[in-house]
Amino acid sequence: MQALNTTKRLMSTKQFPLFKSLLYSSHDPADCTQVLKVHSYTPKVGADESILLRTLAFPINPSDINQLQGVYPSVPEKTLDYSTEKPAAIAGNEGVFEVMSVPQGERRLAVGDWVIPLYSNTGTWTNYQTCRDAGTLVKVNGLDLYTAATIAVNGCTAYQLVNDYVQWDPSGNEWIVQNAGTSAVSKIVTQVAQARGVKTLSVIRDRENFAEVAKELEERYGATKVISETQNNDKDFSKDELPVILGPNARVRLALNSVGGKSSGAIARKLERDGTMLTYGGMSRQPVTVPTTLLIFNGLKSLGYWITENTKRNPQSKIDTISALMRMYGDGQLQPPEADIKKIEWDVQKMNDEQLLEAVKNGIQSNGKSVVVLKW
């Protein structure tokens, strides 16, 4: 009888719900949607020792798509942990989760907390997730759903770009110049910079409704001035009109590049001596073109930025960044991103596997920012 009682105590007292995840075992650079499949399973880890998370929402980011294509430098390990025939990984790097249960003795988290993963490659395109270490999760209680789902990539990237490379003098006439001014990161950059007393010159593509878009970027998102790519590449504009826009004693100290090609060289030319250009993306798929004279005679520093690698080197920096952003959202200094997001609903109770897969595929193939929101 004693042995039987001992056996009962050792058995798990909790059971996992059925997990459903979007997995991939291979890659396809031509059509990454073909490698995704929906798979249901029960985790192999012990329920009593694991933190159980219920997914609330996850975005579809360019880095997620690049991982499916097999062209991203950071990828999760494919394993047999999900009871698949071939080693597989769960797609997705970002999302917000609700804590459903915690192991006995866990004091850092409580049931009902909203959390996000500290690191990439955790597999967020799923209805449930388990975690063994509460230290790899960051609490984001108090944020709205869309901010919480996207703060780890776009929010942290924008904040660190503005704050980690230049010591700003808010009493001076100091500027950031950036291309891709309509991107989610750029919109946060202008708001973070405005809160720091730093001005921003945002470059956007030429378009028929340029004036309308520029007005929104300036009035809603805090850009000091918006110009077109044509103006950005026009030497006469830079010589005659740009000084008037910048004002007296202006210092363009930082350039943020996520386009590459001609656009990157044009924003680099606007920097003061010993200025810094940070490249964090390459939308044009063209190489960064920086004039040799800027490097030799102007002391230009051209650096790369990658939030994934920064977090690996210094995890606390991301935790601190999230805390700072949460304070800014709480103080009303940052606009929630919901207005710029395409919502995709995953009705957990009603949608079958085919419907879920089709919805996510549509999100991958659509323009703009898509966030999958789970309806429980």
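The backbone N, Cα and C atoms fix where each Cβ goes, glycine too.
Lifted from Swiss-Prot, the feature list:
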- TYR72: active site, proton donor (ACT_SITE)
- ASN154, 182-185, 205-207, 280-283, 305-307, LYS369: NADP(+) binding site (BINDING)
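Annotated features, which come from Swiss-Prot, shown on the structure.
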residue	record	Cβ contacts under 8 Å, 6 or more apart
TYR72	active site, proton donor	SER63, ASN66
ASN154	NADP(+) binding site	ALA184, VAL185, ILE188, PRO337
SER183	NADP(+) binding site	SER258
ASP206	NADP(+) binding site	SER228, GLU229, THR230
TYR280	NADP(+) binding site	THR157, LEU161, VAL185, LEU256, ASN257, SER258, GLY304, TYR305, TRP306
GLY282	NADP(+) binding site	SER258, VAL259, GLY260, VAL288
ILE307	NADP(+) binding site	VAL153, CYS156, THR157, GLN160, LYS318
If H, G and I count as helix, E and B as strand, and all else as coil, what does DSSP give for VAL185 (NADP(+) binding site)? helix
